[in-house]
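As recorded in Swiss-Prot:
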- ARG117, ARG188: substrate binding site (BINDING)
- HIS137, GLN138, ASP139, TRP153, SER228, ARG240: 2-oxoglutarate binding site (BINDING)
- HIS137, ASP139, HIS226: Fe cation binding site (BINDING)
Amino acid sequence: MTNVTGDYTDCTPLLGDRAALDSFYEEHGYLFLRNVLDRDLVKTVAEQMREGLVALGAADPHATLEELTIDSFESVDEVAMHDYVKYDAFWNNPSTIKVFEQVFGEPVFVFLSTTIRYYPSQAGSEEPSFHYLTPFHQDGFYIGPNQDFRTFWIPLIRTTRESGGVALADGSHRRGKRDHVLNESFRRFGHPVRGIPPTEVSEDEHLLHSPMEPGDILLFHAHMCHKSIPNLSKDPRLMRMSMDTRVQPAKSHRGFNAMTPWTESAKDASKGIMAKITGTPTDVE
């Protein structure tokens with residue numbers, strides 16, 4: 001399965017119904033919630049990302065969020081960018097935590113590891129490059145040891161069908177962990193990364209993707225098969241600006257990834273490529 005066949009289901013109306021919310025999540029492995037985050041807080045984080053790209057010489061200082069562009073994702077110091085984006089303050093804001101606890105139905109702990117993404121459009125590029133994106137994978141393959149965390153992905157500016165985002169294989173979490181093999185088409189830090197072969201994602205596990213607005217959340221199970229969709233926006237030409245973290249019940253064990261900022265992992269020269277990407281020590285490369 002490689003092509004998107006449908007939209008996420010809007011689960012926002014289920015927030016007041018514990019049984020219905022949990023039932024949908026158990027069956028489909030994700031929740032798509034619209035306009036549940038403080039949009040002013042989201043815009044503040046988006047502006048911080050813009051300011052970081054400007055400060056590092058990658059973007060026009062006069063560009064608005066809608067006009068912003070950079071030459072390439074890889075031309076920007078990924079570790080340095082984390083100094084500009086105050087994501088921990090956003091995730092742990094009382095209004096954000098309230099939403100997380102509505103989802104879980106209990107107190108939560110937000111991982112100290114956050115990934116930020118700022119992908120320019122490749123539409124019309126003579127030599128488009130998508131190898132920094134992620135192939136089909138499951139976060140639970142690399143992050144643990146407990147698997148009761150959920151990945152929370154948010155756009156910082158609007159996304160369209162063309163500007164990319166996350167494609168989910170509906171219900172794929174129910175088959176548990178799958179084999180991940182090296183994929184030379186996707187590389188980070190100069191090395192190929194592991195992913196799930198598309199042939200291992202069933203036709204019955206329909207691939208879903210929808211446009212999103214600031215204030216929306218896409219969250220999914222540790223075993224959800226998902227992948228990046230490239231940014232090919234051209235009318236308008238938009239950056240894909242987003243960030244994601246993991247959240248788990250406060251009572252659960254807190255593993256390495258939960259307690260270690262991504263930047264600390266990335267700076268550790270002793271770690272292999274997947275450890276740098278996920279923040280989790282691993283022998284699997």
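Cβ coordinates are placed from backbone N, Cα and C, and glycine is handled just like the others.
Worth saying up front: this structure is predicted, and the values here are computed from it rather than measured.
Everything Swiss-Prot records as a feature, shown here on the structure.
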residue : record                      : CB count, 10 Å
ARG117  : substrate binding site      : 24
HIS137  : 2-oxoglutarate binding site : 24
GLN138  : 2-oxoglutarate binding site : 26
ASP139  : 2-oxoglutarate binding site : 23
TRP153  : 2-oxoglutarate binding site : 21
HIS226  : Fe cation binding site      : 29
SER228  : 2-oxoglutarate binding site : 20
ARG240  : 2-oxoglutarate binding site : 25
Euclidean distance between Cα atoms of HIS226 (Fe cation binding site) and TRP153 (2-oxoglutarate binding site), Å:
12
How big is the gap, in Å, between the Cα of HIS137 (2-oxoglutarate binding site) and that of HIS226 (Fe cation binding site), rounded to a whole number?
6
Other residues with Cβ within 8 Å of the Cβ centroid of HIS137, ASP139, HIS226 at the Fe cation site?
THR134, PHE136, GLN138, GLY140, PHE141, THR151, MET224, CYS225, LYS227
Could you measure between ASP139 (2-oxoglutarate binding site) and HIS226 (Fe cation binding site) for me? Cα positions, answer in whole angstrom.
9
Pairwise CA distance, SER228 (2-oxoglutarate binding site) versus ARG117 (substrate binding site), rounded so that it is a whole Å:
11
Among ARG117, GLN138, ARG240, these being the binding-site residues, pick the one whose CA is nearest to that of HIS226 (Fe cation binding site).
GLN138
Measuring Cα to Cα, how many angstrom lie between ARG117 (substrate binding site) and ARG240 (2-oxoglutarate binding site)?
7
Could you check what DSSP calls ARG117 (substrate binding site) once collapsed to helix, strand or coil?
strand
